[in-house]
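Quick look at what TrEMBL lists:
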DOMAIN    6-121  domain 'Tetrahydrofolate dehydrogenase/cyclohydrolase catalytic'
DOMAIN    140-281  domain 'Tetrahydrofolate dehydrogenase/cyclohydrolase NAD(P)-binding'
BINDING   GLY166, ARG167, SER168, ILE232  NADP(+) binding site
Amino acid sequence: MTAAIIDGKAFAAGLRERVAQRVTRFAEQAGRAPGLAVVLVGDDPASAVYVRSKGKATKAAGMGGIEHRLPADVPQQALLDLVDALNADPAIDGILVQLPLPGHIDEQAVTTRIDPDKDVDGFHPVNAGRLAVGLPGFVPCTPLGCLMLLKDQLGDLSGLEAVVIGRSNIVGKPMAQLLIAESCTVTVAHSRTRDLPSVVQRADIVVAAVGRPQMVKAAWLKPGATVIDVGINRTPEGLVGDVDFAGALDVAGAVTPVPGGVGPMTIAVLLRNTLISAERRENIVGEGAL
Ligand SMILES: Nc1nc(=O)c2c([nH]1)NC[C@@H]1CN(c3ccc(C(=O)N[C@@H](CCC(=O)O)C(=O)O)cc3)C=[N+]21
Ligand SMILES: [Mg+2]
């Protein structure tokens, strides 16, 4: 048996195209483009690469992208002051402060300073709360991108057994909330889980977000399972996910590759969230499905 390879890169390109269509209509009605501010502190090369690709995608979608670079030793107060200024700027619809931040800066303090209605990352506790209770808000880009791929692959998810490996605020917890809302039976596994192989064995859906290269073994999977690999691990052998991809191809029903799976979805959903923020802020009803 050979699993289907879920083409996240192609799905993301389609989503970006649909976003760009709606951006055109937004700009006609609002007299301006949606604006996304990306803040990068320090000069970590991997972060700089992500920020650059976000900037390119933003412009390709017809949006305004404003990049703010601050030195690695910037005082926390200066970063908070910048966030305050972006919160108050009517041309800015979305604010993203690239994580991780240097050790002297309290990430929670920064994330919580962003206006929840410009928080296109969905990291603010108000947005986490909105997701938990089913109110409209911003959903973190990576788990929302995973959900889009799952629904595209499987249709209705109701009643399926889903296992999320990882309990981060950025991926694991919001992923679990989204799957609960789709009426899956959800298990969240983590580093203290006893007998992870047997937990994964019952899953129709596996979302792996642990950050450990090829940690999820093919032998753990239920035959036909749909496997979403959120891991992006840089190894001497190149970029690899959290799942043994080659092995999974023989057992799974469908699996996302790394690269070309979840990663491109993260950026496409960021553009979607920024467009939705702009439409809400200008009271414009978007037309055309996303
Ligand atoms: N506030 C904040 N929001 C984020 O969304 C955020 C962040 N901080 N910090 C860093 C992580 C990482 N991240 C990725 C985005 C795109 C790819 C992506 O496009 N990956 C491609 C290419 C990978 C490559 O070649 O490096 C792929 O998987 O195919 C990956 C990772 C967003 N992040
Ligand atoms: Mg940190």
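Each residue, glycine too, has its Cβ placed from N, Cα and C.
Taking the features listed in TrEMBL, we show where each one sits on the structure.
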{"residue": "GLY166", "record": "NADP(+) binding site", "Cβ within 10 Å": "23"}
{"residue": "ARG167", "record": "NADP(+) binding site", "Cβ within 10 Å": "18"}
{"residue": "SER168", "record": "NADP(+) binding site", "Cβ within 10 Å": "17"}
{"residue": "ILE232", "record": "NADP(+) binding site", "Cβ within 10 Å": "19"}
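Counting residue by residue with DSSP, the domain 'Tetrahydrofolate dehydrogenase/cyclohydrolase NAD(P)-binding' (140-281) contains 57 helix, 28 strand, 57 coil. Taken residue by residue, the domain 'Tetrahydrofolate dehydrogenase/cyclohydrolase catalytic' (6-121) breaks down under DSSP into 62 helix, 18 strand, 36 coil.
The average pLDDT computed over the domain 'Tetrahydrofolate dehydrogenase/cyclohydrolase NAD(P)-binding' (140-281) stands at 98.
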